[in-house]
Structure formats: structure tokens, C-alpha cells
Amino acid sequence: MIASHLTELLLLIELLLFGVQLNVGALTSNYYDASCPFAEFIVRNTVNQALRSDSTLAGGLLRLHFHDCFVQLFVSTCPACFDSELRGCDGSVLIDSTKDNTAEKDSPANLSLRGYEVIDQAKQMLENQCPGVVSCADIVALAARDAVFMSGGPYYNVAKGRKDGRRSRIEDTIDLPPPTLNITGLIKMFAQQGFTIQYLVALSGAHTLGAARCASFKKRLSNFDPNNDVDPTLDSNYARMLSRSCSAGDDTQVGFDFTPTRFDVNYFYALQGRMGLLTSDQTLYTDPQTQSIVNGYAMNQASFFSDFQQAMIKMGALVAKEGDQGEVRRNCRKIN
């Protein structure tokens, strides 16, 4: 505790001496340098301990960040649908349902999300160190970055200063990209938020980590359409393997690729082999617009890592609450 206060004092002196002023009205990489200098270390250490106990949590933490940000990215294209409040990466996916409100986390699209307890643990430690300072939204963004890096992926700077939102409703998840979406729908959704096709494929590469429930892809395995029992874009041997796995029930989880705890390019190899788990995965290889990008990433991991870094930075800054637009929750599961 003494060391913490001493470090904070030294940082404040340095800021005064060199005239450096933090722009609290915008996301910045040094947002917590003075107010909570060990914030990133605390989150990183918490994630590290969690992954040592369960390496499959890496995919869960990354998905938490996507689903937190993506709710508003696509709801915002219809501002009159629900309310006019700007959303984005605001920690709304963490809020628990109440008797008067069903929250985002209880939407069918979010039932397989994991890692809430890791965020809770990091938040508690941060509240003990610097109460009321670090937002839950920033913790989610940092935890996703650290999960990627600790799984063998690229490291990137996370701009901080997001505020937590005060709204979380199941109806807000209606426009999360469904697992059945084809390439036309994917390109349209991402383009509406300024993402290029290149970034669409790079962000889809996040599926190199984690797994999906059989409920998300079982339609591909039988009675697919009037002409095909099994999705013809799916490798037949892989389809049989999936059918055996899913015989245990809809909640059975299957890895997106064969190294679901490693951030690598095996996801793109899977697409080349017609072993994309979801329709929204395999569609990236069936369309010429994206097939060449998939092939490029499969051959060049450095290119994929570089584009993924930039796409994550862009996604994490879209429609983010800043300044007095939100709050810093004391408990990530409920508004103050």
C-alpha cells in the first residue's frame, strides 16, 4: 500500500514537472497513470492467474469484449429502435438481470459467454487499490488484450477512459451478428461501422480462440435445405465428427479450430479445409472478396496479427462513453 502511494506521488510530480496533462475527455493510453498506476498490472495478473487455472477462459474474455462493444455498434444503426443513449464498449454485458429487467447477458446470444468472475476479481482488487477509478468497461478491454497476448497472440496498447453504461436490456442484443449470417450480411454490418473487409476477416480471426455451442451450428448437420442434408460447404468427415460431439446435447461446446486455447492462424487453415464451425466462419472462404484475405493470413501470421491489432484498437474506441457520459461502477454487475 505504501509503495502504491509512493509511486502515485512520483507520477504526479513527474506530470507537474513536465507539464503533461491527461485528456480525461478522450480515451488515452496513460489515462490511469496518475489515478491508479497499477491498474494494468492488476488486470494482467488476474487474467494470468485465471488462464493458468483454465486456459479456455481466453476465448471467453475476448468474446466478452466483442459482445460488449458490438451490441451498440449495430443497434446504433437504428437509433430510434430503443433509445437515444450512445452505447458501445460500456460494460453493459456485465450487468445482472433484475426482477424488472432482463439484461444483455441473459440473451440467447450471450448465454455461452464466460469470464465474468475474472472481471469481478480484477474489479475487486482495483476497488481495494483505488476505489471508484477504473471502469468495468476498461477492465473488459484490458482483459481481452491480455488474454490474447497470453495465448500467443499480439500485444497492443489499449486506450482507456471508458465510462460504464447504465442500461443493459435483452432487446439490445437483437442485432448481434448471428452465427448463420452470410458474407453479404457480414460485410454490410461491419461497413456500417467503418470496418473494411480486411478488418472484418481479421476480427473474425478472434475465433482462433474459444468454442461454440452445438446449438449455434447444428442446423448445418442435418436437414440443412431441401437439396442437402448436410451443409455442402462443410467437409463431410468434419461434419460426422461434429454430429458425434453434438449427440451429447445443444450445450456441448466445440472448439472453433483444433487449438482453441492458442491464438494462431489455425482458424484460417480450418476455413481452407472447409472446417469453419459456424456459417459465418465458412462464408469467409466461399466468397472471393474474403477468400484471398483468408489465404493471406493463413500464409502470413505477422500480417494477421498486425491487422488484428489495428482492428481491435478501432473497435474498442467506437461509441465509447467518456467524461460524464457514464459512471464508474463499484460493482460491475449492477449500476451505482
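Cβ atoms here come from the backbone N, Cα and C positions, even for glycine.
Whatever TrEMBL says is automated annotation, not expert-curated.
The domain 'Plant heme peroxidase family profile' feature in TrEMBL is assigned to 26-336. Looking at the domain 'Plant heme peroxidase family profile' (26-336) alone, the prediction's average pLDDT is 91.
Other C-beta atoms found within 10 angstroms of the C-beta of Cys36 (disulfide bond) number 20, with every protein chain shown included. The disulfide bond annotation in TrEMBL covers Cys36-Cys130 (among others).
Residues or ranges marked as active site, proton acceptor in TrEMBL: His67.
The Cβ of Ser92 (Ca(2+) 1 binding site) lies under 8 Å from the Cβ of Asp68, Val71, Ala103, Glu104, Asp164, Gly165, Arg167, Ser168, Asp172, each of these being in the same chain and 6 or more residues away along the sequence. Look at TrEMBL and you will find Asp68, Val71, Gly88, Asp90, Ser92, Glu104 tagged as Ca(2+) 1 binding site.
Feature annotation from TrEMBL assigns disulfide bond to Cys69-Cys89 (among others).
Around the Cβ of Cys332 (disulfide bond), 23 further Cβ atoms fall within 10 Å across all displayed protein chains. For Cys136-Cys332 (among others), the entry in TrEMBL reads disulfide bond.
Counting every protein chain shown, the Cβ of Pro177 (substrate binding site) has 18 other Cβ atoms within 10 Å. What TrEMBL lists as substrate binding site is Pro177.
Sequence-distant neighbours of His207 (heme b binding site) (same chain, six or more apart, CB under 8 Å from its CB) are Phe256, Asp257, Tyr267, Leu277, Leu278, Asp281, listed in sequence order. What TrEMBL records for His207 is heme b binding site.
There are 30 other CB atoms within 10 A of the CB of Thr208 (Ca(2+) 2 binding site), with all protein chains counted. Per TrEMBL, the feature Ca(2+) 2 binding site maps to Thr208, Asp257, Thr259, Asp264.
Positions annotated as disulfide bond by TrEMBL: Cys214-Cys246 (among others). Residues within less than 8 Å, Cβ to Cβ, of Cys214 (disulfide bond) and separated from it by at least 6 positions along the same chain comprise Leu242, Ser245, Cys246, Gly249, Asp250, Asp251, Thr252, Gln253, Val254.
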Inter-residue Cα distance where the pair is His67 (active site, proton acceptor) and Gly88 (Ca(2+) 1 binding site), in Å:
10
Have a look at the recorded positions Asp90, Cys136, Thr208, Asp264 and say which one has the shortest Cα distance to Cys36 (disulfide bond).
Cys136
Cβ-Cβ distance under 8 Å to His67 (active site, proton acceptor), same chain, at least six residues away:
Val93, Glu104, Ala109, Asn110, Leu113, Thr173, Leu176
Using a 10 Å radius around each Cβ and counting other Cβ atoms from all shown chains, which of the binding-site residues Asp68, Glu104, Asp257 yields the largest count?
Asp68
Which residues of the same chain, at least 6 positions away in sequence, have a Cβ lying under 8 Å from the Cβ of Cys130 (disulfide bond)?
Ser35, Cys36, Ala39
List the recorded positions among Asp90, Cys136, Thr259, Asp264 whose C-alpha is within 10 Å of the C-alpha of Cys69 (disulfide bond), in sequence order, or say none.
Asp90
Per-residue Cβ crowding (10 Å cut-off), top of binding-site residues Asp90, Asp264:
Asp90
